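First comes the structure, then the notes that go with it.
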Amino acid sequence: MTDKRKDGSGKLLYCSFCGKSQHEVRKLIAGPSVYICDECVDLCNDIIREEIKEVSPHRDRSSLPTPHEIRHHLDDYVIGQEPAKKVLAVAVYNHYKRLRNGDTSNGIELGKSNILLIGPTGSGKTLLAETLARLLDVPFTMADATTLTEAGYVGEDVENIIQKLLQKCDYDVQKAQRGIVYIDEIDKISRKSDNPSITRDVSGEGVQQALLKLIEGTIAAVPPQGGRKHPQQEFLQVDTSKILFICGGAFAGLDKVIGQRINTGSGIGFGAVVKGQSEKATEGELLSQVEPEDLIKFGLIPEFIGRLPVVATLSELSEDALIQILKEPKNALTKQYQALFSLEGVELEFRDEALTAIAKKAMARKTGARGLRSIVEGALLDTMYDLPSMDSVEKVVVDESVIAGQSAPMLIYGQPEAQASGE
């Protein structure tokens, strides 16, 4: 096609689609007895782009990463926790393979595999869920189980979780139905005692009951604005059977429950087998042996445990693992701060003894990887405050004494400052 303003007879030309004359548009492209303007070309491109967006979920499903690929991607961002990564990779792959095949295979209905993550604070539960969502390019939202109450009580309804997921994808129901929901602090909604209580437990067992249908799969009616304040609005129908739910919690004390079960029958008195200190299992080793009966004793109701068939346990991070977290992942904390300082034209160096000191401090605080950022932020706060007002600083060096609070980071100046100090 060629760009023409007039035909051979000098006649004024018009766009065959919108009817605008050649003087009202920038370009008029001619074909055999037909013309199209640049504005209509742009409009056609927009229409095509929208259609591509609509079919993109199907394209994504056909290119579902394998469990090995999922595991390798997790390795780039999450240090350690190898058993949990393997469990997650298989569970996530099977979930999206199930969606791709329409919940059935050769007439056999495929069950839903929601996931329960058990591990101490700062061990990487949330990071694993976030990283999976980024890899699969699906909507992701987080909810805090401690804020949830069953319907009719002051607090957040469980349906609001789906409303948050819809917000993340501009209320596109099809996208939301392929999303991932991470519910944190799930251990905090455990039943307050082993026996059913006479008084209503609206934030414990009541929330577990409210979450049952949502996690298993139901058609949730969600208003675009959320909550119960806009009853006149048309509700969106969301099929939660296609949403992957990942629940996580520290489950403090669960190791003792597991230990009691394992040691039952070992006997007491003269015939008992006395275990030495070296034979005692660590918390991580005990958690890896968790059984449904242990979770029931901890306070989760059997029906709720049944909706979370895939269980992955995470161990407490060691000092070496924390040092690796500081420097090895793609978005490692030290790399983030180095990128931040580079925006000021300054190089930032963390010495090895500084990384060890940061890890030791985090271990002492018992906050896992979550506490690393606050330690680094505290050590660099004054420097980040002063640096934009300073000239000729080329490099900032952080050593062990900086982390201990005994000295400020070392500032290395460039040539102009060196000359000035020499004079």
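Even glycines carry a Cβ here, placed using N, Cα and C.
Remember, it's a predicted structure, so these values are computed and weren't measured experimentally.
Annotation for CYS37 (Zn(2+) binding site): same-chain Cβ neighbours under 8 Å, separated by at least 6 residues, are CYS15, PHE17, CYS18, LYS20, VAL25, ARG26, LYS27, LEU28, ILE29. Mapped onto three states, the DSSP output places CYS37 (Zn(2+) binding site) in strand. The Zn(2+) binding site feature in Swiss-Prot is assigned to CYS15, CYS18, CYS37, CYS40; the stated evidence is sequence analysis.
According to Swiss-Prot, the ATP binding site annotation covers PRO120, THR121, GLY122, SER123, GLY124, LYS125, THR126, LEU127, on the basis of sequence analysis. Long-range C-beta contacts of THR126 (ATP binding site), restricted to its own chain and to partners at least six residues apart, with a cutoff below 8 Å, comprise MET142, TYR182, ASP184, GLY248. According to its DSSP assignment, THR126 (ATP binding site) is helical.
Annotated domain 'ClpX-type ZB' per Swiss-Prot: 2-56, in sequence order.
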Integer Cα-Cα distance in angstrom, GLY124 (ATP binding site) to CYS40 (Zn(2+) binding site): 50
Cβ neighbour count (within 10 Å, all chains shown) around CYS15 (Zn(2+) binding site): 21
Lowest local Cβ density among CYS18, CYS40, LEU127, which the record lists as binding-site residues, within 10 Å: CYS18
Greatest C-beta neighbour count within 10 angstroms, which of the binding-site residues THR121, SER123: SER123
